[in-house]
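Asker: Can you read through this structure? Questions will come right after.
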């Protein structure tokens, strides 16, 4: 209580002038909500169309998209060649580096096709691959990193995941550079031509928010079945952050550097490639890192359309309920992710550090010790592998496996604790989930659209109001309203839960270095471990239904909730904390009155990302039988119905964009109010 | 033995083919495919359930023995039709009458996909309950026992009480269970599992605890082998039941009967016939029955053998059979 009294006098003084604005806004909110309540309460009979969007008014968007797709695949032509020829040509180009990577890592170099092919050269041996990545670790970040990377790849060999992991790695090695280059080029274009940026931004929004399943079918039609299509899908999914970060980091290159470039008479091309891109290298590497993580996220989905590799192993293992095998393959994906992530981060730091590049002196050997050592190992193990098979492939007899251990653990929990779980689940379900679902389901679409528009107007002006209400209207007009409410219900509850758990963890971890390093390992795992792996045990313990779906969504979307909270709290100016301490604040007061307040914009950004993560999990939760937009997308995928899938996918994207725009506007206002902008 | 005799017959034809064959024998230790067949690999699709993997690998191994080049491509069960229509994929070995018929008919109607006949197995898909539930609902497996409210309660959970809970397959499987419950007036609520993995995860969990469960099961599959239980006996399926409301117990509703049982089909790109005429014949000749498949699935899924080993074992034991398929 004393805390409050201590700070009370300050508050009105600081917020003195906006307080009048606040009361006006309160009245406006009151009116808006009252109107909404009236419509909700009494509109059901008189204005039935405001609740159920009439079928006859629906825009047949699904049919239009379907027809357009058919035309594109079967008829579209540029005169000399058809559109499909073009996409197939692109596919065959992408196929070249993929084949090369696959030959190098997995199949060896072959002559001939299919099963009659003959191996001319064996692939890199497991020892060689581990040696190469370890040396990269040594080169980029020293012994610690080399150890981590070596252990990660060692895990792949010891647990018998090598073959699949190399297939996955091959597609990652193709998808990541492609995404990076394409993203960078688009980013530069957006930087140069602001008009292009304006046109590109909504496209990027859609690329990031439409569930991948929605565009898998058109990709299959256009690019053919197999790894290439999977690479294209990965490209679409993983590229947007790179583009955004490129534009952003080019914009933030200091103007002095820009002027310097002008002074020494750079051409436009030189300016871009010799001045701007190198000086933005640091933040560009953050983009590369994002691309790697997102590409690994796609592994499971890519395996559904022919990429094979670890994703396929996970799916197949869980299909026969071999939880241990599923977990091992899933952890192999995590190991790959951790190794690639740490390596790319180390290279980013190296690139940022001065004086590491441009050593000209010394002989060729002295300049390239790592490259030469790697080549030597490749040659040596390759030759030795011809005589000694265990050098070429990790011997089967030395493989480890957890066997049925994990299945037994789940079975034990199931037999002994099921009733407890059941009780908890029922309590949550009956008291929280079901009422919330009913509540949302009973709201009139017109009222919700109006309320969203009003919120948009208050937070960001008439433009935002227009954007938000048009998107909400389109969801209703394409007949997706009901499924959209279920989506909002499931994601809404999960996001609330993720924030409730994530923020306290973030607060605790922000002040304890040790704890944070542990938490980081856990959230990295959560982000890259395919959720399918823990979804099946969850089904065994909680049955098929919304509760299980909610667990999966929370487990995944808690990652940004924690990360951004920590980020926000550690960024708070220490002088302000010092000032608070000097004024005699208790630790609790420092936390609530200073730190959390100042970190609020970051936490809101975290909320934003949590929502995005939750929405991106919809497709996975469809696999445990929800009835939302994710399920609609999934059904459309299996029926190869492009129109239906894209319409549902767009509805998901619209929900994401509405949430994003409103929260960003809110965050910007808070920032302005706190004087941080 | 087989490859040797083929080798001799070839030698008589031309010196060139002798060279070709001996080269092939040296490199891949298998005989050469027929002259009119393309040497491009035949792409067989793999899905994510063991039975299909076994069927496809057996077919692939047999084709390899006949000298064809084979590629296995992972593809989604229904999304694969996009690939079969364009010839990106060539053959799918398991298209179930019960779940894939509509998609298959639609694809065949385009003229780009061909039905390559039955593969010998019969698909069963029906409501199923574990043995220990017989006590709690003595009238089973007759479906009318389910109408008894006491029986429905025995299958109920907190969310569905007092109605019973029936765990249906993924929505994408179709199956008309919601309609069936309605038409037969069963006091049950249909809950859809999103995937087949989720379906069997629940069964395993319930079976471990001897807890009530009533769900959609299909065969050939390892579950009805591993777990003791019974299929519910609904009024027998007839085509009229699904098309004519007046048929059956409920004169106003469709689906007042059991699910159809039917063959599992092989389908392929329509170009296969001309590109690999010999392989086409072999694929059409392929046959396996339910019992045989059931045993193979148990070996792979319950005894933990690798699919490749199971297939190799079968190949060794059934040489007479498969050499008949690839006979010229």
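Each residue's number is its place along the chain shown, starting with 1.
In case you wondered, yes, glycine gets a Cβ from its N, Cα and C as well.
These came from TrEMBL, pasted as-is:
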- A:1-20: region 'Disordered' (REGION)
- A:21-42: transmembrane segment (TRANSMEM)
- A:120-138: transmembrane segment (TRANSMEM)
- A:165-344: domain 'ABC transmembrane type-1' (DOMAIN)
- A:212-239: transmembrane segment (TRANSMEM)
- A:291-316: transmembrane segment (TRANSMEM)
- A:370-391: transmembrane segment (TRANSMEM)
- A:438-457: transmembrane segment (TRANSMEM)
- A:464-481: transmembrane segment (TRANSMEM)
- A:484-663: domain 'ABC transmembrane type-1' (DOMAIN)
- A:487-509: transmembrane segment (TRANSMEM)
- A:521-541: transmembrane segment (TRANSMEM)
- A:547-566: transmembrane segment (TRANSMEM)
- A:603-625: transmembrane segment (TRANSMEM)
- A:645-663: transmembrane segment (TRANSMEM)
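I'd like these features described in context: how deep, what's nearby, how far apart.
Answerer: Residues of the same chain lying 6 or more positions beyond the ends of the transmembrane segment (A:21-42) and with a Cβ under 8 Å from any Cβ of it are 15, 50, 442-444, 446-448, 450-451, 454, 458.
Residues 69, 72-73, 83-84, 87-88, 90-92, 94-95, 98, 102, 171, 174-176, 178-179, 182-183, 186, 290-291, 294-295, 297-298, 301-308, 619, 633-634, 636-637, 640-642, 645-646, 648-650, 652 of the same chain lie 6 or more positions beyond the ends of the transmembrane segment (A:212-239) yet place their CB under 8 Å from a CB of it.
Tertiary proximity for the transmembrane segment (A:370-391) is limited to same-chain residues at least six positions away from its ends with a CB under 8 Å from its CB atoms, namely 122, 124-125, 127-128, 131-132, 135-136, 138-139.
Within its own chain, the transmembrane segment (A:438-457) is flanked in space by residues 28-29, 32-33, 35-36, 39-40, 43, 47, 49-51, 53, 464-469, 472-473, 476, 481-482, 485-486, 488-489, 492, 658, 661-662, 665, which lie at least six positions past its ends and keep a Cβ under 8 Å from the stretch.
With a threshold of 8 Å between CB atoms, the same-chain residues lying at least 6 positions outside the transmembrane segment (A:464-481) that come near it are 53, 55, 57-59, 61-62, 445, 448-450, 452-457, 629, 632, 647-648, 650-651, 654-655, 657-658, 661-662, 665.
Residues 425, 428-429, 433, 490-491, 493-495, 497-499, 501-503, 505-507, 509-510, 516, 519, 523, 526-527, 531, 534-535, 538-539, 599, 602-603, 605-607, 609-614, 617-618, 620-621, 624-626 of the same chain sit 6 or more residues outside the transmembrane segment (A:547-566) yet have a Cβ under 8 Å from a Cβ within it.
Cβ atoms under 8 Å from those of the transmembrane segment (A:603-625) belong to residues 208-209, 211-213, 301, 487, 490-491, 494-495, 498-499, 502-503, 531-532, 535, 538-539, 544-545, 548-549, 552-553, 556-561, 563-565, 567-568, 596, 631, 633-634, 652, 655-656, 659-660, 663-664, 666-667, 670 of the same chain, restricted to positions at least 6 beyond its ends.
Same-chain neighbours of the transmembrane segment (A:645-663): 61-62, 65, 205-206, 208-211, 213-218, 452, 455-456, 459-460, 464, 467-468, 471-472, 474-475, 478, 480, 483-484, 487-488, 491, 604, 607-608, 611-612, 615, 618, 629-630, 632-633, 636-637, counting only residues six or more beyond its ends whose CB sits under 8 Å from a CB of the stretch.
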Asker: Taking a Cβ cut-off under 8 Å, which residues six or more beyond the ends of the transmembrane segment (A:120-138) line up next to it in the same chain?
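Answerer: Contacts with the transmembrane segment (A:120-138): 103-111, 145-150, 153-154, 157, 162, 166, 339, 342-343, 346, 370, 373-374, 377-378, 381-382, 385-386, 391-394.
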Asker: Let me spell it out: take the transmembrane segment (A:487-509), skip the flanking residues so only those 6+ beyond its ends count, and list any with a Cβ under 8 Å from a Cβ in it.
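Answerer: The answer is 432-433, 436-437, 440-441, 515-516, 519, 546, 549-550, 553-554, 557-558, 560-566, 569, 591, 596, 603, 606-607, 610-611, 614-615, 618, 621, 626, 628-630, 651-652, 655.
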